[in-house]
């Protein structure tokens, strides 16, 4: 089990001859993290940056310290700041997720067992080709279009949250630009390409195996999608934006 070691701030004259960077009259203690940390250092909670002195009003909850999280990284969880863009993103994303999930559940006659059993093969399909760019009935792609609308709002709202926080904290925008590269792939396959081809049926289905089948069919018709350099860059930045 990991051991917790409490750390308290001490005056600079007790911290050694070279206390390093200071915050007021106290030295700033560096964070210690490892792949698997057996000895965890627990000090005062870090509330993060608040350059405009207004983020505390919108932060959710306080600060929690969880030793299990400390085994793999920072044991502190919180405070959580969403802002208006984060709230919009989560609300819209939840609606998209709910619409997709309920449509899949309806396909197996509302059986939870069959939903779990066939989950990898279930899909919410785009409208049929005969509708072109018109609004289709709910049961023939209409729910798909509604879910896509909410998903589009969710993704762009989260990007705006990422960018605006970087601006407010005077940080680099590299995570926002990396995320934008992944959004570009999402927009090309799910909006620009179907719009130019004149049919919403060209959009990507929502489902684990069905969207992979769509990728295979796309590659057979137009050339291997995985050889497309823009696809490669988008995937690299998609994962990279979570790591940077």
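A Cβ is built for glycine as well, from the same backbone N, Cα and C atoms used for every other residue.
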- Write down the single range among 55-80, 81-106 that appears in TrEMBL as transmembrane segment. 81-106
- Query: Can you check which of 175-196, 197-218 TrEMBL lists as transmembrane segment?
  - Reply: 175-196
- Task: For the transmembrane segment entry in TrEMBL, name the matching range from 122-142, 143-163.
- Result: 143-163
- Lying 6 or more residues past either end of the transmembrane segment (175-196) yet within Cβ distance under 8 Å of it, the residues of that chain are 126, 133, 148, 152, 155-156, 158-159, 162-163, 166, 202-204, 230-231, 233-235, 237-238, 240-241, 244
